[in-house]
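For reference, TrEMBL has these:
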COILED    100-148  coiled coil
DOMAIN    50-101  domain 'BHLH'
SIGNAL    1-23  signal peptide
Amino acid sequence: MLIAYVYSDWFLVFFFFLHLMFSARIDGSSGDSDGTKENFKKWLRSESCGATSSKACREKLHRDRLNDKFLELGDILEPGKPPKTDKAAALIQATRFVAKHKLKDSNLSLQEKIKELKAEKNQLRDEKQRLKVEKDKLEQQLKSVNVHPHTDTSCSCCHCCT
């Protein structure tokens, strides 16, 4: 019975590998594509621990998934470059990437605020100019009223005639 299980397990692995190779060729990529190899390796790792669910096996699967995510992170941060296996370097690079994008977002927000404040400053400048013109007009009216003295000594509008 054990021989049949091992045989069927390897038989499944072989057919899965053939399926991956065939689907990769249909997509136009070569049979040795990294994505196909990675998918096959992931499947093989999960199958190797499928029969036993010991703590060590679960931890190995967990570490493998973390390593895969670190490789994905490295590929996202630097597409086209060979992936770095140093996890600390990947985290440092990711931290810098996030900080850089936060600064860019902050910069864009501040630039927008600057535009708003400049528009408000221009509106206030226009309002100040309008008020200055209105003040000058009122001063001219006041001067014109003060230039013509009252001839009537019984003027009660102001105390200028007394």
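All positions are counted from 1 along the displayed chain.
Cβ from N, Cα, C; glycine included.
Automatic prediction, not curation, is the source of TrEMBL annotations.
With helix defined as DSSP H, G or I and strand as E or B, the domain 'BHLH' (50-101) counts 38 helix, 0 strand, 14 coil. When averaged over the domain 'BHLH' (50-101), pLDDT in the model lands at 83.
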